[in-house]
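Following: one structure in structure tokens, then a few remarks.
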Amino acid sequence: MGIELLCLFFLCLGRNDHVQGGCAVGGAETCEDCLLIGPQCAWCSQENFTHLSGVGERCDTPANLLAKGCQLTFIENPVSQVEILTNKPLSIGRQKNSSDIVQISPQSLALKLRPGLEQTLQVQVRQTEDYPVDLYYLMDLSASMDDDLNTIKELGSLLSKEMSKLTSNFRLGFGSFVEKPISPFMKTTPEEIANPCSSIPYFCLPTFGFKHILPLTNDAERFNEIVKNQKISANIDTPEGGFDAIMQAAVCKEKIGWRNDSLHLLVFVSDADSHFGMDSKLAGIVIPNDGLCHLDSKNEYSMSTILEYPTIGQLIDKLVQNNVLLIFAVTQEQVHLYENYAKLIPGATVGVLQKDSGNILQLIISAYEELRSEVELEVLGDTEGLNLSFTAICNTGIPVPHQKKCSHMKVGDTASFNVTVSLPNCERRSRHIILKPVGLGDALEILVSPECSCDCQKEVEVNSSKCNNGNGSFQCGVCACHPGHMGHHCECGEDTLSTESCKEAPGRPSCSGRGDCYCGQCVCHLSPYGNIYGPYCQCDNFSCVRHKGLLCGDNGDCDCGECVCRSGWTGEYCNCTTSTDPCVSEDGILCSGRGDCVCGKCICTNPGASGPTCERCPTCGDPCNSKRSCIECYLSADGQAQEECVDKCKLAGATINEEEDFSKDSFVSCSLQGENECLITFLLTTDNEGKTVIHSINEKDCPKPPNIPMIMLGVSLAILLIGVVLLCIWKLLVSFHDRKEVAKFEAERSKAKWQTGTNPLYRGSTSTFKNVTYKHKEKQKVDLSTDG
């Protein structure tokens with residue numbers, strides 16, 4: 001049962017040659033060469049497994065080798081292997097001794113990789129409770145930070161009190177920085193070298209690069225005392241030399257006092273940007289930063305004016321290497337710059353610092369809690385040429401591909417990571433890589449070595465009798481011949497080593513470049529695409545032309561580079577059918593009589609003809625209508641000469657056959673309207689000579705002649721009726737008008753009013769007239785008195 005399951009496993013591994021690119025390509029003559037072709041390939045070391053000189057057949061997929069008869073025990077198919085060397089369980093709860101804390105599992109393993117095969121490992125990380133914390137406070141002491149210095153004079157006590165709630169083992173240290181003490185970053189007059197603030201006037205310390213002032217200690221009062229004694233300094237340009245200070249604080253492990261089993265926090269406090277990389281070339285400093293500790297006996301950075309500022313890449317390497325987590329506490333104006341830095345530096349966070357550093361305590365506590373809520377893996381070591389991919393399984397339990405970071409974790413939660421490793425090719429060297437959580441001292445060490453050799457290579461029969469009386473060494477089922485011999489069993493000597501007999505013509509490659517010349521005969525290579533054959537391996541069954549991506553259009557067989565078409569197909573690609581069925585139009589005529597059938601498609605020859613069967617042709621004559629003159633002549637009863645009808649039919653390209661006995665397999669049914677409005681029907685067929693013959697001429701549905709008397713009577717009656725109707729209408733209109741006038745008169749008469757006492761026509765007999773010259777007596781008197 002176990003053997004059957006193992007066989008099934010190999011069958012699953014053995015994929016199709018055409019899909020994977022093939023194994024038996026004829027180029028693998030040894031087991032090791034076979035394994036290098038691809039992870040799908042295996043080697044059969046069984047003796048006498050292949051035909052004479054068919055060494056390439058030993059290299060194939062496991063399934064194909066089993067099918068060829070190779071026993072399972074002789075199949076060389078190494079797979080990737082994982083050996084866990086150290087796997088201590090993760091720590092749970094508080095640990096009395098920090099050296100006993102285990103935060104990653106496993107701790108070391110050996111990985112053997114078959115090139116092209118992936119191997120997945122599971123790594124678990126759990127942050128332990130009450131983990132020791134080392135905090136180094138790195139402060140910018142340029143003149144603009146004077147008020148901040150006064151604010152943090154009691155920071156040590158307050159910070160220790162707050163951190164005691166999170167860990168019982170807390171230490172803190174202090175360092176400061178300003179700028180490289182060299183022009184153009186500082187003024188160089190003697191007065192300003194001694195006191196950079198002399199122009200204010202105010203006393204401040206000479207410009208310095210970095211000073212390590214207080215090693216890490218649990219004495220908070222000592223921290224407060226050191227801070228109270230600090231003095232500010234000054235420089236010219238706005239960017240400071242903070243990255244110099246970060247580098248020294250990270251790499252000077254002994255001087256700073258970083259512990260191996262603790263969380264290393266570096267709090268960087270500044271209100272300005274920092275120089276980095278080649279900025280120091282402004283001062284003529286061109287020696288790159290070496291990333292080493294250069295603190296002198298006074299704990300000052302001694303190479304400040306000699307080495308360049310570190311680059312971002314150098315900072316990342318040293319911070320990760322020394323497990324230092326960086327907390328940028330910067331003012332609002334600088335937050336955007338340092339957020340960009342933090343995106344590049346693993347484990348770095350950014351907090352907004354108030355103008356006087358009044359919120360520094362809360363900023364540090366918040367940053368610490370944020371760092372403890374995240375678990376991120378970092379890869380170190382020799383990873384060149386190694387393919388690594390990560391899948392994170394955080395507290396939700398849902399796998400997240402291409403992610404090596406878990407956020408919103410609680411202390412004590414376990415974060416799992418599936419790490420998939422693969423080698424693209426076989427490199428004859430082992431490599432050492434490290435997977436570690438950012439900021440933690442724990443790490444997983446992995447020794448990666450390639451698995452490119454076969455177990456059968458360990459058993460070698462030197463000068464074996466299996467190789468023609470000792471003419472070679474027997475290994476992995478084949479003979480490795482001594483110089484001057486060749487062949488499957490080293491049976492060919494120097495006299496048969498000539499390849500001229502294996503060449504099709506002088507100057508041509510041996511066996512056409514597709515086979516091996518063994519003892520004067522070609523043994524063709526095996527190909528995943530088909531068979532190679534011929535005395536010179538000059539033929540194959542897969543190099544013919546393709547039609548629509550298919551060899552010989554899938555309608556023929558390829559023989560020595562030429563398509564041999566199956567029945568019903570022709571053409572160079574076997575893409576041309578000999579059937580004319582697709583070319584027959586609905587009327588049963590090939591290409592509607594307007595084209596030729598080529599490869600099952602109509603090629604229209606008549607101008608204007610189109611369509612799959614040339615059925616559309618606006619400019620072509622109607623085959624039915626073109627026979628009109630012939631048909632009408634045949635049906636005419638006016639005594640036209642029969643010879644004249646024959647001539648008209650000849651002009652129309654047709655003859656009339658009155659016999660009813662004709663083939664009705666294919667015909668065209670026509671219908672025309674004649675001059676006398678009759679419907680004429682007839683059939684068109686083609687005789688053996690291809691000429692048109694007219695059959696079954698019928699005339700039907702002829703209209704009857706008109707009845708003239710009835711038409712005249714109807715017209716007369718219609719005229720009479722119209723006259724009567726018009727008279728009636730006139731009479732109605734006149735009557736309506738008269739009635740309207742009478743009504744109007746009656747209305748006016750009813751409105752008239754006459755006086756009843758006097759006849760308006762009567763005149764009296766007496767008339768009275770007035771003399772206009774007569775004046776009354778009194779009026780004359782008045783007029784006279786007025787004049788006087």
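We count from 1, first residue shown onward.
Each Cβ is built from the backbone N, Cα and C atoms, and glycine gets one as well.
For Glu179, Asn235, Asp237, Pro239, Glu240, the entry in Swiss-Prot reads Ca(2+) 2 binding site, with the evidence type similarity to another entry. The DSSP secondary structure for Asn235 (Ca(2+) 2 binding site) is coil. The Cβ of Asn235 (Ca(2+) 2 binding site) has Ser142, Val178, Glu179, Phe185, Met186, Pro196, Thr207 as same-chain neighbours under 8 Å, each 6 or more residues away in sequence.
Taken from Swiss-Prot, the feature domain 'VWFA' applies to 131-371, supported by similarity to another entry.
Summarising the annotation, Swiss-Prot assigns N-linked glycosylation site to Asn48 (among others) and lists sequence analysis as the type of evidence. Taken residue by residue with DSSP, Asn48 (N-linked glycosylation site) is part of neither helix nor strand, so it is coil.
According to Swiss-Prot, the feature N-linked glycosylation site maps to Asn97 (among others), an assignment based on sequence analysis. The 10 Å shell around the Cβ of Asn97 (N-linked glycosylation site) contains 7 further Cβ atoms across the protein chains shown.
Residues or ranges marked as N-linked glycosylation site by Swiss-Prot on the basis of sequence analysis: Asn260 (among others). The Cβ of Asn260 (N-linked glycosylation site) lies under 8 Å from the Cβ of Gly441, each of these being in the same chain and 6 or more residues away along the sequence. Following the DSSP three-state reduction, the secondary structure of Asn260 (N-linked glycosylation site) is coil.
In the three-state DSSP reading, Asn387 (N-linked glycosylation site) counts as strand. In sequence order, Glu118, Thr420, Val421, Ser422, Leu423, Pro424 make up the list of same-chain residues 6 or more apart from Asn387 (N-linked glycosylation site) whose Cβ falls under 8 Å from its Cβ. For Asn387 (among others), the entry in Swiss-Prot reads N-linked glycosylation site.
If you look up Swiss-Prot, you'll see Asn418 (among others) marked as N-linked glycosylation site. In sequence order, Thr120, Leu121, Gln122, Phe390, Thr391, Ile393, Pro399 make up the list of same-chain residues 6 or more apart from Asn418 (N-linked glycosylation site) whose Cβ falls under 8 Å from its Cβ.
Secondary structure at Asn463 (N-linked glycosylation site), as computed by DSSP, is coil. Of all Cβ atoms in the protein chains displayed, 12 besides its own lie within 10 Å of the Cβ of Asn463 (N-linked glycosylation site). What Swiss-Prot records for Asn463 (among others) is N-linked glycosylation site, and it gives sequence analysis as the kind of evidence.
Among the features that Swiss-Prot reports, N-linked glycosylation site is placed at Asn471 (among others). Taking all protein chains in view, 22 other C-beta atoms sit within 10 angstroms of the C-beta of Asn471 (N-linked glycosylation site). DSSP assigns Asn471 (N-linked glycosylation site) to coil in the three-state reduction, outside any helix or strand.
Among the features that Swiss-Prot reports, N-linked glycosylation site is placed at Asn541 (among others). Listed in sequence order, Gly530, Asn531, Tyr533, Asp557, Cys558, Asp559, Cys560 are the same-chain residues six or more apart from Asn541 (N-linked glycosylation site) with CB atoms under 8 A from its CB. In the three-state DSSP scheme, Asn541 (N-linked glycosylation site) is classed as coil.
Take the CB of Asn575 (N-linked glycosylation site) and look out to 10 A: across all protein chains shown you find 22 other CB atoms. When secondary structure is read from DSSP and collapsed to three states, Asn575 (N-linked glycosylation site) falls in the coil class. Annotated N-linked glycosylation site per Swiss-Prot: Asn575 (among others), in sequence order.
Among the features that Swiss-Prot reports, signal peptide is placed at 1-21, with the record citing sequence analysis.
Here Swiss-Prot flags 22-709 as topological domain 'Extracellular', drawing on sequence analysis.
Per Swiss-Prot, the feature transmembrane segment maps to 710-730.
A Cα-Cα distance of 77 Å separates Asn471 (N-linked glycosylation site) from Glu240 (Ca(2+) 2 binding site).
Here the transmembrane segment (710-730) has no Cβ contact under 8 Å with any residue of the same chain six or more residues outside its ends.
Secondary structure at Asn97 (N-linked glycosylation site), as computed by DSSP, is coil.
Working note on the binding-site residues Glu179, Glu240: by count of other C-beta atoms within 10 Å of each C-beta, Glu179 ranks first. Using a 10 Å Cα-Cα cut-off from Glu240 (Ca(2+) 2 binding site), none of the glycosylation sites among Asn48, Asn97, Asn463, Asn575 qualify. For the Ca(2+) 2 site, the Cβ centre of Glu179, Asn235, Asp237, Pro239, Glu240 serves as reference, and the other residues of the chain with Cβ at most 8 Å from it are Ser142, Val178, Lys180, Phe185, Ile236, Thr238, Gly241, Ala272, His275. The two recorded residues, Asn97 (N-linked glycosylation site) and Pro239 (Ca(2+) 2 binding site), have Cα atoms 43 Å apart. Note on proximity: of the recorded positions Asn48, Asp237, Asn463, the one nearest Asn575 (N-linked glycosylation site) is Asn48, by Cα distance.
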